[in-house]
Amino acid sequence: LNEKLVCGYPLSIFFIVVNEFCERFSYYGMRAVLVLYFKYFLRWDDDLATSIYHTFVALCYLTPILGAIVADSWLGKFKTIIYLSIVYAVGQVAMAVSAIHDITDSDRDGTPDSMTFHIVLSMVGLFLIALGTGGIKPCVAAFGGDQFGEHQDRQRRTFFSVFYLCINGGSLLSTIITPVLRAQECGIYSKQKCYSLAFGVPAALMVVALVVFIIGSGMYYKAEPQGNIMLDVCKCIGFAIKNRYRHRSKQYPKRQHWMDWAEEKYDKLLIAQIKMVLKVLFLYIPLPMFWTLFDQKGSRWTLQATTMDGNFGALVIQPDQMQTVNPILILTLVPIMDSLIYPLIKKCGLNFTSNFYFSFILSNFQKTLPTFPSTSQSQLKLLNMGSNSVTVKLPGNDALILPAAQVYPFINNCNTKFTNLLPEVILFKSATNDLTSKPQEGNNAIRFVNGMKTAVNVSTAAADFGLIEPFYYSNYSQIKNGKATFTLRSGSQSCEYSTNFGFGSSYTFFIHSTLVFGSNCQDSVTAVEDIKPNSVHMALQIPQYFFITAGEVMFSVTGLEFSYSQAPSNMKAVLQAGWLFTVAIGNFIVLIVAELAKIPKQWAEYVLFASLLVAVCVIFSIMAYFYTYIDPTEIEAQFKKKINEDDEDDKSKPGKAEVEMVKRDSIKCHDEYDKATQTKM
Ligand SMILES: N[C@@H](Cc1ccccc1)C(=O)N[C@@H](Cc1ccccc1)C(=O)O
């Protein structure tokens, strides 16, 4: 093994953790701006953008199986990492090139002329990235683990914690930096949002990751691949099932494990290794439920943040920036957990979920949405444009006193007739394209209704509402939070109207018929709140991030190490891939339940997830209680020793019946396997 040690750690792991830092920077940085690239550069709608995004993420966790098989059976981990990193870097470069609008912008108007070129190149890029990032993922962690000797268990555990810290250090930096890069303007002929830079920097980091990994080349311990192990595993399992079926009659004695039915044909060491793998894979069955919840951070939790108030005083947090809370918490929690809380929790055996808390927060924030009309109803607003209050009698309602410059919103059946409304009372029936959900990214959706007899032009620094005809309304425009000043113009006359906005509201501003242009038209515009601003503060998401991240630290960091330590020597990467496969299934559950099944009530969906997770926690605790830790190296050594002894025996006692030998070995090896697996978890 590795001879160069620094403080008891092999020097080679330095290159591996730096490689992981850069690779995760590259992956998360690119992912942070991907949906926006789809939406604003490729001009896809929300549904297509989110579907392709989730498919890409799921693919990234499916490809580890491919990488692991190649590494464990054919190329070895080192070469697999090198080759797939090259594929990965090419994919990142393809993404960066696909985002250069100037390439196909022959008319130089700032928009690409051949969208097909950009779509095809970016899809090829994403496919290569998924192949690269997924393919190397199980290899890098397992390769890092390989650098430690048999007696360096403690150091290996610390390595997996530091490895996790590097993942989160890289992802934290990139999720802060790439959105800033994207917001820059760049271009040769015309300036546009700089997606090419936002993808280019992650591409550069991937090249750095590859170079760093190659520099460490001379220092690594490189375990040799041991043939097409996965094919052998599949054949062996298939034979065991077939053989068991052939000998199903009661006259054949039972065997301790169903895999023992492969003994007639397969090496006992291989059978023992398959038993180890199956034992761990069985324990993985409930895991996808955790990832289902965990991966909603990127989708549901970010959407939840768009309905919250992100004003932190000097700092205004954007909804997608809330995701950085996860790596920040990891960077603080991993050291605390490792040295203090984790040993304590391990002693008490506590387990918890953040989802019930999450459901509680959710039920609160939805209160800022008004009641929208059903398909048989319409939303109407009565606006008194006069200077005195008026009494209005609505069909089926008591008389209503409507003060001057006030609006009365109500929902009514479509066929209701209104008669005898005073001339100064405007009946405003909302159009079918009315906003019925919170505006995106915490913005405010604003429109104007012109109650004057002349057309009025309305504009602010951030938006132009255009010329609004008499008794007509403008389209919605998005306004950021804070103070906004609107300029109202008619011919050469103008006046200004100012107001303050929070986050995620929608307003209709009514311009009174009595408006007189001058310096100020504060009293001649009435604001009607269609959707209330977000009243629940984004800081309230921090506890739910805390709980899910604490769960991640206890579950994911240890899981990485567990998958390594419990895997037989020739299937280390395969078990890492098995762990990542549970992440892929979790993502598919999100896709199916959250995206396709479309449970009508959001709270019901969360309660469903929370209940499932609680049930899964109970099942998992029982399974983990009965799991017995094994030492694969010891078991393998014993088997190898036994096989060598038997070979010697065979040479000295020629002609011994093969079947007899298989039976005897089988009994001995079972005893050894059982002895090595006696220690409970
Ligand atoms: N905590 C995450 C990183 C993260 C950063 C920013 C937003 C969300 C998440 C993390 O450590 N990820 C690890 C392990 C992992 C977790 C979930 C699914 C697969 C792997 C990673 O390797 O990316």
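Backbone N, Cα and C atoms are what each Cβ position is placed from, and that goes for glycine too.
According to TrEMBL, the feature transmembrane segment maps to 48-69, 81-103, 115-136, 157-177, 197-221, 276-294, 328-345, 576-594, 606-627.
Long-range contacts of the transmembrane segment (276-294) within its own chain (CB-CB distance under 8 A, at least 6 residues past either end) are made by residues 233, 259, 353-355, 548, 551-552, 555, 559, 562-563, 566-568, 571, 574-575, 578-579, 581-583, 585-587, 589-590, 593, 609, 612-613, 616, 619-620, 623-624, 627, 630, 632, 635. Touching of the transmembrane segment (157-177) and the transmembrane segment (576-594) is ruled out by the presence of fewer than three CB pairs under 8 A, sequence neighbours closer than 6 excluded. For the transmembrane segment (115-136), the most Cβ-contacting stretch among 48-69, 328-345, 576-594 is 48-69 (pairs under 8 Å).
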